[in-house]
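Notes for the one structure printed next.
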Amino acid sequence: MSTVANPNYKKGFVPFAIAALLVSLIGGFTAVLGPAFVADQGIDYNNTTWISLALAMSSAACAPILGKLGDVLGRRTTLLLGIVIFAAGNVLTAVATSLIFMLAARFIVGIGTAAISPIVMAYIVTEYPQEETGKAFGLYMLISSGAVVVGPTCGGLIMNAAGWRVMMWVCVALCVVVFLICTFSIKKTAFEKKSMAGFDKPGAALVVVFFSLFLCIPSFGQNIGWSSTAFIAAAAVALVALFILVMVEKKAKSPIMNGKFMARKEFVLPVLILFLTQGLMMANMTNVIVFVRYTQPDNVIISSFAISIMYIGMSLGSVIIGPVADKKEPKTVLTFSLVLTAIGCALMYLFKADSSVAIFAASLGILGFGLGGNATIFMKVALSGLSSEVAGSGTGTYGLFRDISAPFGVAVFVPMFANGVTANIAKYASGGMEEGAATVKAAISSIQTLTLVELGCIVVGIILVRMLPRIYQKKEA
């Protein structure tokens, strides 16, 4: 991999790190937004899935596009543009008055996120010496996960004291501060802007269409019906979009999706495992919040503290487990971290109506610790060998699959839990059980079923990890 000789690369990384801090901190603040909004609007809790997916669709699908744009316009311009869009989305979130309005606002927030994250990773790939990129990605993961440690707790406290709209205006103020910092601290360079004439616009449009539908399809199936017209139509459009996307990208001179980069084993295998396991974090975070809403409706803070513990675990996993893979075989380290992930999920089976913050925190904390280690290792492996010319599109492509794995988990596991609760409430109520008792029993039964399904996914993930090639030894040979 070629790197740029920059003696001030660590100092130059500071504003990019602050931008990453902004995204993760506000992500933590808004972890409690979905359930609060649907409760405020008086609509079903399963609508939290759509709020999460709206942001996830744009942040994932637009990542390779805006990463590619960074290769064309330059990092500084793209980063500042991303912060502006990110701030605008949060302003719209603060004034949202309906579900449709909120979905549009979160979609815009996701576009801003998609412009910021690939640029930060591209800086690491191109400016840091090759022998220090592992530590740099560990630092990036620490910033990304560590910042949201205080986010859910602070967000919950602000929301409890003043409401979710005030919480969002605090987020907007943070965006303004970070924009000013980045504007004055990132120096204009001699970067030569490339012409937009050869920009892969058809590929960009098809990427958004396919991957947005890819995220929505599981929710369509579970909420509307697997044999419904909407599900069949969405699946058909997605397949057609995928076929056309492959054809377009094969012919494009400068494709959004770099086929050579994606075809490597170092990319394919980690992505498959990410889809099986990494989505558990966001899904379980949402499900714990909803579980507490069902079983302890007057307790706003308990789930926020538990989520903060999860991000502490993720931060520790990224800096403790992740770097171990530089010395030991990655698949051995990954197996260990996935076992920890399984333990975290298994603890959900013990959730009860009167469970304390301790068991919620233990479950999410251990889960975060295991997944934090995985994420760091996968990032170092998948992004190896990128040249500076395609750093933006490469990191954006990886970011697409990394980011889409989490909301894909949300699209599968959150409706599975929420719809399970709804079905069980109806079943227990029809048997003569009082509504409150039926709701609590339904939530416990559904979380236990969900636990068994998630453990099955982790087992498959471990099997795939054991099939990984001896990655680092192979590179040394």
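Positions of Cβ are set from backbone N, Cα and C atoms, glycine also.
Only residues 6 or more beyond the boundaries of the transmembrane segment (13-33), in the same chain, are considered here, and those with a CB under 8 A from a CB of the stretch are 51, 75, 79, 82-83, 86, 90, 93, 113, 116-117, 119-120, 123-124, 127-128, 136, 139-140, 143-152, 154-156, 158-159, 164, 167-168, 170-171, 174-175, 178, 181-182, 185-186, 285, 289, 300, 303-304, 307-308, 311. Taken from Swiss-Prot, the feature transmembrane segment covers 13-33 (among others), and the record attributes it to sequence analysis.
As annotated by Swiss-Prot, transmembrane segment applies to 50-70 (among others), with the evidence given as sequence analysis.
Residues annotated as transmembrane segment in Swiss-Prot, with sequence analysis given as evidence: 83-103 (among others).
Under the heading transmembrane segment, Swiss-Prot lists 107-127 (among others), citing sequence analysis as support.
Marked as transmembrane segment by Swiss-Prot on the basis of sequence analysis: 139-159 (among others).
Among the features that Swiss-Prot reports, transmembrane segment is placed at 166-186 (among others).
The transmembrane segment feature in Swiss-Prot is assigned to 228-248 (among others); the stated evidence is sequence analysis.
Feature annotation from Swiss-Prot assigns transmembrane segment to 272-292 (among others); the stated evidence is sequence analysis.
Residues or ranges marked as transmembrane segment by Swiss-Prot: 301-321 (among others).
Residues annotated as transmembrane segment in Swiss-Prot, with sequence analysis given as evidence: 333-353 (among others).
When Cβ-Cβ distances below 8 Å are used as the criterion, the transmembrane segment (359-379) is approached by residues 121, 137-138, 140-141, 145, 270, 273-274, 277-278, 280-281, 284-285, 288, 292, 302-303, 305-307, 309-325, 330, 333-334, 336-345, 347-348, 350-351, 398, 402 of the same chain, each at least six residues removed from its ends. The feature transmembrane segment is assigned by Swiss-Prot to 359-379 (among others).
Taken from Swiss-Prot, the feature transmembrane segment covers 381-401 (among others).
Packing against the transmembrane segment (83-103) from elsewhere in the chain are residues 19, 22-23, 26, 30, 33, 37-38, 41, 43, 47, 50-51, 54, 109-113, 115-116, 165, 168-169, 171-172, 175-176, 178-179, 182: each is 6 or more residues past its ends and has a CB under 8 Å from a CB in it. With a threshold of 8 Å between CB atoms, the same-chain residues lying at least 6 positions outside the transmembrane segment (166-186) that come near it are 12, 14-16, 18-19, 21-22, 25-26, 29-30, 33, 75-76, 79-80, 83-84, 86-87, 90-91, 93-94, 155, 158-159.
Note on the transmembrane segment (50-70): residues 33-34, 37-38, 78-79, 82, 99, 102-104, 106-111, 113-115, 117-119, 122, 199-200, 204, 207-208, 210-212, 215-216, 219, 254, 256-257, 282, 286, 392-397, 399-401, 403-404, 406-407, 410-411, 414 of its chain, located 6 or more positions outside it, place their CB under 8 angstroms from a CB of the stretch.
Using a Cβ-Cβ cut-off under 8 Å and counting only residues 6 or more beyond its ends in the same chain, the transmembrane segment (139-159) has close neighbours at 17, 20-21, 23-33, 36, 120-121, 124, 166-167, 170, 300-301, 303-305, 307-308, 311-312, 314-315, 318-319, 322, 368, 372, 375-376, 379.
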